[in-house]
Structure formats: C-alpha cells, structure tokens
Amino acid sequence: MSFSVDELARIAIDLQSDIGHTDRFSRLITTLRQILGCDASALLRYEAHQFVPLAIDGLAQDVLGRRFALEGHPRLEAIARAGDVVRFPADSDLPDPYDGLIPGHESLKVHACVGLPLFAGQTLIGALTLDGMDADRFDSFSDEELRLIAALVAGALNNALLIARLEAQNVLPAQAVNYPLPERQEIIGLSGPMLQLKKEIDIVAASDLNVLISGETGTGKELVAKAVHQGSPRAANPLVYLNCAALPESVAESELFGHVKGAFTGAISNRSGKFEMADNGTLFLDEIGELSLALQAKLLRVLQYGDIQRVGDDRSLRVDVRVLAATNRDLRQEVVEGRFRADLYHRLSVFPLSVPPLRERESDVVLLAGYFCEQCRLRMGLARVILAEAARNRLQQWSWPGNVRELEHAIHRAVVLARATQAGDEVVLEPQHFQFAVAAPMLPTETAAAAPATGNINLREATDSFQREAISRALEANQGNWAATARALELDVANLHRLAKRLGLKGSPPGKSSAG
C-alpha cells in the first residue's frame, strides 16, 4: 500500500471526531491532502444536478460559495456518471473546474486530477476531488486504495446527510413528513450571524406562526421568506408575493382581497386577491411598512379571524394563509410615531427574524462573490471566471451599504468589464474592475455622513437620511421628473410622492405637472 495503517487511522479518527460536520470534513480534507500529497482537495455534496462544496483545502476561499452545475463542468459530470475512480490524463481536453483557483498557481492549469464518486447504496451523494500540479502526482496510489478512501468518506457523508434530514423532520409536524418537499432555498453564508439566522429559520419554519423579517435593503429578506415557506408544512402549496411599496393606494385593497364585477370603474369581472391565491399556502408581504393605516386595519382582521371580503362584496370568504412580512424600517419606531398599528405589529412579530447586513458578515463576502462568479460564468458561456487575490481583498475591505444586492451587481459589472478587455473565454477579475462610489473602504458612506450631526442619531433618522439622499440624487439625475425617478427607484410614483412628502422633499401633494 502507498499509505500506512497509521495514515488510515488518521483518516478514520477525523471521520469519527466529536465535532460538527463542517469542522470534521475540513479536518478530513486537510488530512487527505497531506497523506496523498495533492495540491488541492475538495469534498462536494451532490444535489439537483450540481455539486456543492462542503470542505476545501488548497483552493481559493470563494470556491466554497460556487455551485458547480454538471452541464458546465465536463470533468465533474464525468465523475458523477462514473461508478468508480476517475483518473484524468494530464493532456485531457476536459477543463478542470479548479483551474486558476489554486492560490499561488492562478496562471497555471491543474495537471493531475482524480475524482472519487461517493455513493450511498446506488445513489450518488457526493464526490471527492484530488488535484495536483504534477502530472504523475497520484500514480503511486492504486485504484483499490482510492476506493477505500472513497468508501470511508461516503459513509461519513451519508451519516451527516441522514442526521440533517432527521433533524429537519423532527421539527416538522408528523403529518408533514409524509409529503415530498421541494428543494430548499439555499442561503449562502457560514458566518456566525448567518448560521444563527439559519437555525432560527429552521425553528420558525416548522410552526405556523406569522413572521416579521427585518433587514436593510438588499440583505435577502425575500430569500429568507422562501426558506421559511419551503421548510414548512405548507411547502407543497403556493408562496404568493406582493410588494407593498409598489402598490398604488387606489388598487391596494383589490390586490390584497380581490373584487367583484362592477365594484369600481374597470372591474369588468370577478378577481381573486393575493389572499385567495395563497389559500393553504403562504403570502409574503414585502415592505409592509408602506401600507396605509386603513389597509393595516383590514389586514389585522384577516390575521385575527381568517376571513376576507372582496371589494364590492358583502360576503366573507374563509382563507387559511400564513403571512410572512418584510420591512427595512424600524416598525417599533413607526408604531411610536403613529404610522404603524401596534396590534398588527404584535401579530406579526411573535417570532421576528433579523437579516444581518453584509458588513456584519464579512467572512461571507468571498463566498457570495464565488457564487455570483459561477452564475455569471454560466449565463455568459465562459469557461472560467476567476477572482484575483487582490480583487478578493478589495471586496472584503468594502463596507457594502447596498448589501448582497450591491455585491451581486458589482460582480456582474466586473465580469462584463473584464470580458471586454480580455481575450478568450476565461476572465480574471482584478481590483480595477470594481468601482465603488466612495474611495475610502470600510468607512461611513457619503449618505451616512450626510445624516444629522448628533451623537444620539437613531436608526429611524439614519434611514430617513439615507432615503432622502437617495431620492434627491435620483431626482437630480432625472432632471426633476418624478415619474422617471420612481422608475429608477423601482417605486410606484404615488408611493414615491407620499414618501417624499414625509421626508420633507415636497411641500404639498403632487399636482399634474409635466414632470410627472
């Protein structure tokens, strides 16, 4: 044998360590890299025609955030289809998914590559990949030895997946376990705040409580709502979405509750509202803080009694709907200031979820960047999208006032810029491809600096200052045209006028001017 009994014992000990699965697999991958003398190794979980990295060693950190779709990675597809050890020759025409992703060797191609598919019975559950810069790196190891390693790792991975499934079933009502659940919405992040959020999602998802999801714009509140729905007994039923900020007051009640024919001008037929569409499922009300007090009262009645009335109809309809609401406002302060009903707030916030801003989960920036790089690679038909080390450092130094959405847009823009200046189907993202609004990273943004100069500024004042600055800039960029400004900010123009008036940007309700 090319490795000793002691080395096998090290592998077995790593697999049986009394630590969490993530740490156990990381230790295992490090041990395998040392024993086999490879330059990089990775443990991947197989799901939905893609491989998801669980642990890596010797690879760039952003690999943990990448999702390797089989159709875009021929070598991984070959490993998935094989029932045994796969050795790729040094002159293989198939591109290696890790080319350019080994620190210190970004400009070199991986030469030696071995793939070990991992099975539970006849079911593919993952893969172990071993890469080396030397063409003969793994020649001294027989297929039998590699199969032994694969069997040990597959057993540990299968146990971890079974435990995770049992834990998920344990928090669901017994009757829900019998139904096939859709694929869970993945939330990228391994930082402490995100691991805590994922735990809270698992806990509240299994209940039927209404949930208030709070967080800054761009943090991923809709993603959290999807995860709650998909982890609930209602997962097989509809998840209906409604953006309250884009809802004109004149049609808001009809959108929520529906209307009957003739209820108002233009009501030419009966129409179901969002509550009816979500019956037996979940209704996600985004930006709920934008609802008028009158609509808040009607929403409260639905939550209290479970019935609705279509506009123009005297009859009540029973609905069974779980409500998930999201806001970027401090609703407690809104209650104090009389803009949000206290009773509705308490109905919604029995189990609140708070989505942390990206600046509070700094270690997730590179993972998310890797995820978006891989998305761009697939969409644009590129062989590789590589994040240079200097670019990774720059991303980690930025404060991300726009959160995950800003990072996503920054990656997409950088890929387009890099592709325009680099030949071939491989792009390398460098610091110059990322252009941020403020030169000094990790410092208060211009918007924050424009806030009232007082040491006692609260979240409400900071939010108002940010919104006031954003609207002012957009209005200036659109030459004072309110309709164009509303489109740029993705808001309903009537809601924008109301918000601008509240923020002191307008002295009176809008008239019918040429500016819209």
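Every residue gets a Cβ built from N, Cα and C, even glycine.
If you look up Swiss-Prot, you'll see 482-501 marked as DNA-binding region, on the strength of sequence analysis.
Annotated ATP binding site per Swiss-Prot: 215-222, 278-287, in sequence order, evidence recorded as sequence analysis. In the three-state DSSP classification, Thr282 (ATP binding site) falls within a strand. For Thr282 (ATP binding site), the Cβ neighbour count at a 10 Å cut-off comes to 25, with all displayed protein chains included.
Averaged over the domain 'Sigma-54 factor interaction' (187-416), the predicted model has a pLDDT of 92. Feature annotation from Swiss-Prot assigns domain 'Sigma-54 factor interaction' to 187-416; the stated evidence is sequence analysis.
Annotated 4-aspartylphosphate per Swiss-Prot: Asp57, in sequence order, evidence recorded as sequence analysis. Its own atom aside, the Cβ of Asp57 (4-aspartylphosphate) has 19 Cβ atoms within 10 angstroms in the protein chains shown. Asp57 (4-aspartylphosphate) falls within a strand when secondary structure is assigned with DSSP.
For Gly218 (ATP binding site), the number of other Cβ atoms no farther than 10 Å from its own Cβ, over all displayed protein chains, is 20. Neighbours of Gly215 (ATP binding site), defined as other CB atoms within 10 A of its CB across all chains, total 19. According to DSSP, the DNA-binding region (482-501) comprises 17 helix, 0 strand, 3 coil. Secondary structure at Gly215 (ATP binding site), as computed by DSSP, is coil. Gly218 (ATP binding site) sits 31 Å from Asp57 (4-aspartylphosphate), taking the C-alpha atoms as the reference points. Cβ environment of Lys221 (ATP binding site): Ile213, Ser214, Gly215, Asp286, Ala326, Asn328, Val355 lie under 8 Å away, each six or more residues apart in the same chain.
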